[in-house]
Every structure is written in C-alpha cells, then in structure tokens.
Amino acid sequence: MTILNHTLGFPRVGLRRELKKAQESYWAGNSTREELLAVGRELRARHWDQQKQAGIDLLPVGDFAWYDHVLTTSLLLGNVPARHQNKDGSVDIDTLFRIGRGRAPTGEPAAAAEMTKWFNTNYHYMVPEFVKGQQFKLTWTQLLEEVDEALALGHNVKPVLLGPVTWLWLGKVKGEQFDRLSLLNDILPVYQQVLAELEKRGIEWVQIDEPALVLELPQAWLDAYKPAYDALQGQVKLLLTTYFEGVTPNLDTITALPVQGLHVDLVHGKDGVAELHKRLPSDWLLSAGLINGRNVWRADLTEKYAQIKDIVGKRDLWVASSCSLLHSPIDLSVETRLDAEVKSWFAFALQKCHELALLRDALKSGDTAALAEWSAPIQARRHSTRVHNPAVEKRLAAITAQDSQRANVYEVRAEAQRARFKLPAWPTTTIGSFPQTTEIRTLRLDFKKGNLDANNYRTGIAEHIKQAIVEQERLGLDVLVHGEAERNDMVEYFGEHLDGFVFTQNGWVQSYGSRCVKPPIVIGDVSRPAPITVEWAKYAQSLTDKPVKGMLTGPVTILCWSFPREDVSRETIAKQIALALRDEVADLEAAGIGIIQIDEPALREGLPLRRSDWDAYLQWGVEAFRINAAVAKDDTQIHTHMCYCEFNDIMDSIAALDADVITIETSRSDMELLESFEEFDYPNEIGPGVYDIHSPNVPSVEWIEALLKKAAKRIPAERLWVNPDCGLKTRGWPETRAALANMVQAAQNLRRG
C-alpha cells in the first residue's frame with residue numbers, strides 16, 4: 001500500500017508579488033506580452049522546485065492562473081462571452097483579461113464578467129456566463145502547455161482540473177433563461193479531449209476538483225455526477241477532490257462514481273476517517289486533507305498522525321493539504337519582525353509542505369519523534385499568556401441577554417434621534433471613506449517607515465480631515481464623515497489597535513486578479529488597550545455644527561477578513577471583538593459623537609456552505625453586532641453598511657441587528673434589492689445606494705431622483721436616506737465632487753416636492 005504526499009495547489013503570486021507587478025505593468029503598456037509570460041514561467045518553475053525541495057511527491061500543475069482558475073477553465077472550454085470575443089474567433093491572454101477586468105492592451109473594452117466569492121473563502125472567481133445554444137470546444141491549452149513545462153523539468157506531475165459539474169454550478173445563465181445543467185453533455189467531450197491529451201503525455205493521476213460535492217445540492221445536480229463521470233472514465237486515474245466541508249451527506253453519490261480516489265478535507269469537514277475507510281470502495285485511494293490550506297497555523301502533527309494512523313496499510317493513502325495552499329501566504333522564513341515565540345506558532349505554504357513531508361515519513365516508518373518536536377511550539381502555545389487574557393475571558397463569560405439589547409425599541413429611539421439631529425427629509429450622507437490621494441498614502445507610508453515624526457504626521461492627517469469636512473459642507477451634505485485619511489484598510493486599522501492581533505510583512509494572499517491582501521492574524525484573546533477612533537472623530541466634529549459619524553468596522557467583518565485562531569470558536573472571537581468595540585462606541589458617545597456606523601459587509605459572506613448550518617452562525621453573528629451597539633443611548637443613532645446582492649434569505653437577521661439606519665448597495669440592481677425590505681416590512685431606516693462608486697461615471701441629478709422615487713414606492717419616504725453605494729476611497733476627487741453634488745441636488749429637489 002503506497003503512502004505519498006501532495007498539495008492541491010500552491011500560491012501563484014510569488015513571494016514579492018511578482019505576478020501582480022507583471023500583470024499591472026503589462027496592463028499599463030509598460031511591458032510586453034512576452035515579458036509577462038516569462039514571469040509566469042519563472043514563478044511556476046520556482047514554485048514546483050520549492051515544493052519538491054520541501055519534500056512533496058506529486059506536484060500540482062494547472063493551479064497557476066493569469067487571473068483566476070475558474071476563468072482559465074472557462075477559456076479551456078471555449079466559453080467566451082460574445083462581447084469579449086476577438087473578431088477572428090481566436091482566444092489569447094488579452095481575451096482572458098477582458099473577461100476579468102473589462103479591458104486589456106488589445107481588443108475592445110466591454111463590461112467585465114461578474115466576480116463573486118469562491119465558496120466561503122476570501123478569494124474571488126469570475127462567474128462563467130451561459131447563453132442558450134452555445135457551443136464548447138478546446139480553445140485554451142494553458143494546462144497542457146504547463147504540464148509539458150513541468151515534465152520537461154523532470155517533475156512528478158499531477159494535473160489539476162476544475163470538474164465539469166462544479167464549473168457549471170458556479171456559472172449563471174444570461175439572457176433567455178434555461179437550465180444550465182443541460183449544458184453538461186456539451187462540455188464533456190472537451191474534458192474527454194483534455195484527459196486524452198494528458199494520457200498521451202504519460203500522466204497517471206489527474207486531480208479533478210468537484211467542491212460542489214460538499215454542498216446541499218439539488219437532486220438533479222447530484223444525479224448528474226454519475227453519467228458525467230461515466231463519460232470521463234478509463235483514460236487516466238481520477239482523484240475526485242473536495243474541500244471546505246465534509247462529504248458524508250453526499251457519500252452515496254460519490255462512491256457510485258467510476259473514479260480511482262477521493263480527496264476529503266479533514267480539517268473543515270466532520271467526516272470520520274474510520275467511517276470513510278469503511279464506506280469507500282476498497283481499491284480507492286484516500287487523499288487525507290490533514291493540513292489546513294487556508295490558515296497560517298503550525299499543525300499539531302501528533303494529532304494529525306493519530307487521526308490517520310489506523311488505516312495505514314489498509315488502503316493506498318496520500319496525505320495532503322485540506323485545499324489549495326492558494327489561501328495561505330508563501331513563506332514564513334522571510335518574516336523578520338515577528339516575535340520568535342509567535343513566529344514558532346505559524347506555518348505558511350512552504351512550511352505546510354514540510355509538515356506533509358514529516359507526516360508522510362512518520363506514517364511510513366512509525367517513528368513519530370520528528371512530529372513531536374515539530375508540534376512542541378503549538379502545544380506550548382496553549383498555556384501562553386499572549387493567548388489567554390483572564391479579564392477578557394471573564395467578561396465574555398459574564399455576557400447576559402441584556403448586553404445585546406438597546407434600552408428601547410426603534411420607534412422610541414427614532415423620536416429621540418429626530419429631536420436631537422433635526423435632519424431634513426431625504427437626509428444625505430456618504431458611507432465613510434473619501435479619496436485616498438497620493439498625498440495621503442505618502443504621508444502614511446513616510447510615518448510607517450520612520451521618515452516622518454508623529455507630530456508632523458498628525459498635522460498632515462488633521463489637514464486632510466479638515467479638507468474633507470470643508471468639501472462636505474460646501475456640497476451641502478447633512479451627515480458628515482471624517483474621511484478615514486488615517487486608515488490604510490478597514491480591518492487592518494482596527495487590528496493594529498487591538499491586543500490579540502499580529503501582522504506580517506509579506507503575508508500576502510490573492511483576492512482576485514492582481515489584488516492581494518495581507519490579513520491580520522488573531523493570535524489570542526482580543527481587547528482594546530486604548531480608544532482607537534475617538535480622537536479623530538472628535539476633531540472632525542469640532543470643525544462643524546453638522547453631525548459627524550463615528551466609523552467602526554464590525555466584529556464579524558474583522559473576524560472574516562483575518563486569519564482566525566483555531567483553538568476557540570469563531571463565535572468566541574467575534575464576541576471578544578464586539579466587547580472591545582462596545583467600549584469604543586461608549587467612548588465615541590462620551591466624546592459627543594451622536595451617529596456611529598458599524599460596518600458589516602462580511603456578515604453574509606461568512607455564512608456556512610450548508611444552509612442547515614446558517615441559523616447557528618446568524619444567531620451569534622447578529623448577537624456580536626448587538627453587543628457592539630447596544631451600549632448606545634436612545635438618542636445615539638447606530639448605522640450599519642452592507643454590500644450584498646442578495647438579502648431575501650437572511651432578512652430576519654438583517655432586521656434583528658436592530659440598527660437605526662442600514663445603508664446598502666442597490667444602484668447596480670436598479671433598486672430591485674429593496675423588494676426584500678418591502679416584502680419583509682423592514683421597520684427601521686434605509687439608505688439605498690444611489691450610485692455605483694466602482695465606476696468613474698458621474699450620475700445625473702435626474703437619474704438619482706428617478707432611483708429615489710422608485711425607492712419611495714417600496715419604503716416610506718420618511719425612512720429613506722440618500723447616499724452612494726459604498727466608500728469613496730478608490731475614486732478621484734473630481735468625479736467624487738461632481739457625483740455628490742448631483743446626489744445632494746436630487747435630495748433637495750425631492751424635498752421641494
């Protein structure tokens with residue numbers, strides 16, 4: 001019985017974000033296509049070599065993508081929307097970039113494809129578009145070229161291919177509606193062709209990713225798997241690969257498939273190894289996803305060994321990362337500023353490869369000494385004073401139902417707020433951030449690098465805040481913001497000011513295309529050593545008689561956009577953050593700030609993959625928000641902001657937040673999103689976004705008025721606010737001024753009737 005190890009994929013961007021820099025240089029016209037392609041080749045060769053040197057037996061090939069792997073699969077199948085096609089019908093790398101970002105160095109610009117979250121991760125994929133009667137053919141041979149590349153370098157190659165059913169599941173029908181599952185028989189011949197080409201190259205195993213098999217799929221989709229895989233069998237061995245959840249609910253469907261192996265995520269799923277071994281066909285290989293591919297923690301390898309050792313010798317076994325290492329930073333060894341103790345608790349992608357090598361060797365030999373040595377720091381961490389703060393744990397344990405209740409119901413609060421603020425009908429505001437100019441970024445960077453002292457930095461930030469207030473007063477906005485000049489990122493800023501978080505220098509992970517993020521890491525109990533936002537909010541308020549909003553990022557969003565601890569529940573982390581920010585609300589209130597916004601853009605995206613698990617998550621997610629906000633007095637107005645395209649299925653929870661005002665992203669849906677609020681009879685105030693901040697286009701007064709009138713047909717006008725869709729951080733001042741002037745004018749026109 002063989003024991004091997006492998007990874008499901010490796011980060012693409014490069015340690016120094018070389019791919020990002022090459023992409024952006026090419027898009028800007030500063031480098032050639034050949035130079036871009038050369039960077040890709042160099043990164044792939046380096047990453048294969050690094051995995052091999054770290055002890056990986058089977059190397060993933062096909063995990064590299066120029067923008068996104070789902071988009072790569074779409075091109076492989078010839079699925080190019082008409083608006084992005086080349087006149088001669090050819091497909092090239094610019095076709096791919098036009099789908100991903102709407103434009104490329106060649107070809108006509110056209111609207112980019114929709115982008116959405118890859119399952120429950122912070123990675124985004126480009127949504128495939130389907131139209132009735134479309135044809136599929138093998139069009140983009142990137143996978144085959146990269147397999148040839150890796151074979152020429154002498155590597156042991158395992159191609160990675162997104163499976164046909166999951167690819168269809170991830171897409172959307174455009175135009176005339178039809179069942180996208182009906183396209184399955186049209187795409188299978190392309191998959192057969194690709195597998196035949198791989199067989200010609202002497203490939204033994206192909207990793208075929210079907211993560212949709214962890215979802216609660218409709219029966220018709222589950223039934224589609226058997227005929228699909230019947231059509232694909234017999235050319236090469238197929239490792240059916242799942243991740244992000246367990247497979248037990250769909251195991252009957254899986255075990256009927258003509259594949260030769262199954263990969264299971266044993267980190268995020270609840271599947272028992274003994275049960276899997278019992279139910280899988282005896283000649284199947286089991287790939288055990290034991291090492292967490294989407295976090296940064298060193299594994300306790302003694303625990304992982306115990307989890308899997310009983311099936312050693314009973315079937316072919318591969319040990320693996322739970323999912324692709326795409327979701328982890330690349331290399332811990334280049335982090336020079338982390339405290340030695342804290343650093344010993346982490347493992348990034350390359351260190352996770354080393355963990356897989358240690359685990360394979362121990363399972364082969366039975367000698368676990370190296371596992372014990374590797375696991376010692378993570379075991380010692382359990383007793384570290386950096387992890388446990390008795391005061392935080394005591395405060396969390398003492399929470400009562402009263403702590404998540406405002407003193408009075410919305411109707412009573414609204415009366416007190418009207419008396420305090422005396423706002424006009426159709427009150428105007430913005431979501432929080434103003435353009436982050438080069439001057440602002442340079443100021444922050446100089447301060448961070450030590451090239452600017454604290455006094456000069458503070459003077460500079462104060463000047464930018466003052467400018468933001470002057471601009472808003474000139475425009476005639478009713479509720480102002482300070483503009484967030486001091487903040488680099490809405491999560492990082494709070495993480496830097498809370499105990500229990502650490503930051504990396506190079507811990508970049510890909511979000512989409514060329515965009516990378518560097519998430520904070522929650523290492524211990526979270527608390528607030530000092531006020532975070534009060535000073536600048538108070539300063540901004542001193543410059544105007546109009547109310548200035550205090551701006552906080554909510555507890556669930558901070559949790560979802562960070563690497564969480566693994567030793568406590570996500571609920572515990574969210575509530576600890578909520579308690580820390582509750583103190584911030586109290587301090588803002590004491591400083592005279594009467595309107596406080598708590599942003600929760602990630603509340604919906606944190607939903608578990610299975611709907612049957614939603615209620616428990618939403619219950620604690622809502623409770624965390626309410627703990628954060630409930631300390632506010634009746635005449636303090638609590639706002640929240642959310643940017644989703646779907647509210648229907650969580651409307652109860654949105655209402656349960658009990659925010660006085662919710663601002664939402666609605667302009668791109670032409671106010672259709674408000675239907676959910678109307679049907680639910682949402683009781684509080686709403687600010688439906690009246691223009692799309694992601695576009696530099698300036699909306700006309702008439703267009704904004706028309707949207708607001710449409711909104712007033714669904715929600716009583718006295719409960720409507722007027723605001724953009726989202727923060728204005730990425731926009732320039734000229735279009736920001738023009739758009740806000742038109743927005744204010746539209747509100748004034750409506751007041752006049």
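Glycine is treated like the rest: Cβ placed from N, Cα and C.
Remember, it's a predicted structure, so these values are computed and weren't measured experimentally.
Residues or ranges marked as 5-methyltetrahydropteroyltri-L-glutamate binding site by Swiss-Prot: ARG17, GLU18, LEU19, LYS20, LYS117, ARG515, CYS516, TRP561, GLU605. Here Swiss-Prot flags ILE431, GLY432, SER433, GLU484, ASP599 as L-homocysteine binding site. Residues annotated as L-methionine binding site in Swiss-Prot: ILE431, GLY432, SER433, GLU484, ASP599. The Zn(2+) binding site annotation in Swiss-Prot covers HIS641, CYS643, GLU665, CYS726 and rests on sequence analysis. Per Swiss-Prot, active site, proton donor is recorded for HIS694, and the stated evidence type is sequence analysis.
Feature annotations (Swiss-Prot) mapped to structure.
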{"residue": "ARG17", "record": "5-methyltetrahydropteroyltri-L-glutamate binding site", "Cβ contacts under 8 Å, 6 or more apart": "TRP508, CYS516"}
{"residue": "LEU19", "record": "5-methyltetrahydropteroyltri-L-glutamate binding site", "Cβ contacts under 8 Å, 6 or more apart": "ARG12, VAL13, VAL39, GLY40, LEU43, SER514"}
{"residue": "ILE431", "record": "L-homocysteine binding site", "Cβ contacts under 8 Å, 6 or more apart": "VAL481, GLN597, HIS641, THR663, ILE693, ASN723, PRO724, ASP725, CYS726, GLY727, LEU728"}
{"residue": "GLY432", "record": "L-homocysteine binding site", "Cβ contacts under 8 Å, 6 or more apart": "VAL481, GLU484, LYS549, MET551, GLN597, ASP599, HIS641, GLY727"}
{"residue": "SER433", "record": "L-homocysteine binding site", "Cβ contacts under 8 Å, 6 or more apart": "VAL481, GLY483, GLU484, ARG487, GLY727, LEU728, LYS729"}
{"residue": "CYS643", "record": "Zn(2+) binding site", "Cβ contacts under 8 Å, 6 or more apart": "PRO601, ILE664, GLU665, ASP725, CYS726"}
{"residue": "HIS694", "record": "active site, proton donor", "Cβ contacts under 8 Å, 6 or more apart": "ASP725, CYS726, THR730"}
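In this record, L-methionine is bound by ILE431, GLY432, SER433, GLU484, ASP599; the longest C-alpha to C-alpha distance in that set is 14 Å. For the binding-site residues LYS117, HIS641, counting C-beta atoms within 10 A of each C-beta gives the highest total at HIS641. Excluding the listed site residues ILE431, GLY432, SER433, GLU484, ASP599, the same chain places THR430, VAL481, MET490, MET551, GLN597, HIS641, GLY727, LYS729 with Cβ atoms within 8 Å of the centre of the L-homocysteine site Cβ atoms. In the shown protein chains, 23 other C-beta atoms lie within 10 A of the C-beta of ASP599 (L-homocysteine binding site). Cβ-based neighbour count (10 Å, all protein chains) for CYS726 (Zn(2+) binding site) stands at 24. When other Cβ atoms within 10 Å of the Cβ of GLU605 (5-methyltetrahydropteroyltri-L-glutamate binding site) are tallied across all protein chains shown, the result is 17. The sparsest Cβ neighbourhood within 10 Å, among the listed binding-site residues (GLU484, CYS516, GLU665), is found at CYS516.
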